[in-house]
Amino acid sequence: PSMTDQQAEARAFLSEEMIAEFKAAFDMFDADGGGDISTKELGTVMRMLGQNPTKEELDAIIEEVDEDGSGTIDFEEFLVMMVRQMKEDAKGKSEEELANCFRIFDKNADGFIDIEELGEILRATGEHVTEEEIEDLMKDSDKNNDGRIDFDEFLKMMEGVQ
């Protein structure tokens, strides 16, 4: 079956390891091996994977994901949904957490993140990034072109990432 744009995007957002982890959790509930799980089990699977949707969120998710109203979702639909939850969660991460993040990456505590520090951040996320990508992100994020990222620029950059 061909993937929708959303599904392709969801796959691109996740690392291979995450997809494998999600698949393992998904398969535990795919009792008959038919490649889909009951929407009833969705909450349980999501909680296993560290998500914590409320009943309302869950209903909204199911309504959105189970487009054909079959009462089941397949793995691709599941990925789309997990990515959406993760992005929501990330958005909900307060500035306070980002401030902590900033302090951790601002190794020399000068109130700025320089290109070295930025490279470390990106590599720490497990993303495979080239020097060129790091330079591009630095250029994009460093609005006042002083060669460093201050906290406000960092916040904007993180919004962009999510």
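Glycine too: its Cβ is placed from the backbone N, Cα and C atoms.
Cross-referencing Glu116, Glu117 against the Ca(2+) 3 binding annotation in Swiss-Prot, which names Asp106, Asn108, Asp110, picks out Glu117. Comparing Cα positions, Glu77 (Ca(2+) 2 binding site) lies closest to Glu41 out of the binding-site residues Glu41, Asp106, Asp142. Cβ-based crowding with a 10 Å cutoff singles out Asp106 as the top-ranked of the binding-site residues Glu41, Asp106. In this structure, the CA atom of Asp110 (Ca(2+) 3 binding site) is 57 Å away from the CA atom of Asp32 (Ca(2+) 1 binding site).
Glu117 (Ca(2+) 3 binding site) sits 43 Å from Asp36 (Ca(2+) 1 binding site), taking the Cα positions as reference. Summary of the Ca(2+) 3 site environment: with the site residues Asp106, Asn108, Asp110, Glu117 set aside, the chain residues having Cβ atoms within 8 Å of the Cβ mean position are Phe105, Lys107, Ala109, Gly111, Phe112, Ile113, Asp114.
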